[in-house]
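Trainee: Below you'll find the structure I mean.
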Amino acid sequence: MATAAAGALSLLWGWLWSERFWLPQNVSWADLEGPGDGYGYPRARHILSVFPLAAGIFSVRLLFERFIAKPCALHVGIQDSGLYQAEPNAILEKVFMSITKYPDEKRLEGLSKQLDWDVRKIQCWFRHRRNQDKPPTLTKFCESMWRFTFYLCIFCYGIRFLWSSPWFWDTRQCWHSYPYQLLTSGLYYYYIMELAFYWSLMFSQFTDIKRKDFLIMFVHHLATIGLITFSYINNMVRVGTLVMCLHDASDFLLEAAKLANYAKYQRLCDTLFVIFSAVFVVTRLGIYPFWILNTTLFESWEMIGPYPSWWLFNGLLLILQVLHVIWSYLIARIAFKALIRGKVTYPGRIRPRLCTLHSFLTSFLFCMPGRSWTVSSLACKCICTSSIQ
């Protein structure tokens, strides 16, 4: 029995690390065992160092939010006030958790008779109970400030590192002598820090206030971790640094706009959001396909040829590009709808509506806690915040 189990594990391990899948033809794992200089070649065991580093980043985040972000939030006028707690009631709690959070009139009347409460009091209870699940503005400000700080620092580090890297100026260098490309200390730290940060986000999701997009963000972080890990093990780290830096270029701008929104600096928020939108479209719909995908699909085909993991890697990058197109389209469509609803015709004259860039940005930013967002709720909020002046 034990022998059979050991044989099955050995077979699974061999299939998982198959050289025919991971490496180009005539290359084996033994060829990449050479010590070289610096950090040698990327190895799967290097990934193990990510976990203690992720725990360290999470600890730094807690200290940062308490001693730096929170005082900044209080300084700009965000109140440290706790949410109103709904009165404990087992019957209403059961309805809230297992049936509905928005009871209709018929259910409200039934609960009113059962509890001998006024309908308005029950409505207030459900409203307060719903608000308990919403993270306060102070918490969101601290979280966004932490992300803004990390994204800005890692982007600056990435630009500084890539500026002196030959593949930044000539993408064909990403494939020169592949896969025999030695790690440098700068490249190693860049990759490991990015990967550790996303692992720390995975940890924090289970300790932070639960949000509606918990599952979406969980899948998003998992996919990001998978892509970074895959490219590292496969030694596609040169092109991987280009992809990471390109995405970091707009992320800190989004977090900065959210900070301005939470602090109610609306003009600054509008300006930052316009800059973010421009950078997002240029980097995701311009530079990414014509620079990144060009080198991963065509230059790499010419220089090293396709092999199984090459197809998977490019497939994932193409899926990412499809998401870029969808996100850009949704941003543009919702912004356009917000603008065309800016006027409403009255008999004899036209008066402006209040669904301007302000309401659109407020809806958009509150629906985007990270690098993904819930589009349906964004559209509903944008429409519902319109009001006739």
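Every residue gets a Cβ built from N, Cα and C, even glycine.
From TrEMBL, here are the annotated features:
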- 94-137: DNA-binding region (DNA_BIND)
- 92-136: domain 'Homeobox' (DOMAIN)
- 139-340: domain 'TLC' (DOMAIN)
- 148-168: transmembrane segment (TRANSMEM)
- 188-207: transmembrane segment (TRANSMEM)
- 214-233: transmembrane segment (TRANSMEM)
- 272-291: transmembrane segment (TRANSMEM)
- 311-332: transmembrane segment (TRANSMEM)
Trainee: Using Cβ atoms only, state whether the transmembrane segment (214-233) and the transmembrane segment (188-207) have three or more pairs under 8 Å that are 6 or more apart in sequence.
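Mentor: Contact between the transmembrane segment (188-207) and the transmembrane segment (214-233): present, because at least 3 Cβ pairs are under 8 Å.
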Trainee: Which residue counts does DSSP yield for the domain 'Homeobox' (92-136) in the helix, strand and coil classes, in that order?
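Mentor: The counts are 32 helix, 0 strand, 13 coil.
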Trainee: Where else in the chain does the transmembrane segment (311-332) make close Cβ contacts, counting only residues six or more beyond its ends and a cut-off under 8 Å?
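Mentor: Sequence-distant neighbours of the transmembrane segment (311-332): 227, 230-231, 234, 236, 243, 277, 280-281, 284-285, 288-289, 292-293, 296-297, 364, 375, 378.
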Trainee: Hey, which bits of the same chain come close to the transmembrane segment (188-207), Cβ under 8 Å, at least six residues off its ends?
Mentor: 38-39, 46-47, 49-51, 53-58, 61, 150, 154, 157-158, 161, 214, 217-218, 221-222, 224-225, 228-229, 232, 237, 240-241, 244, 370
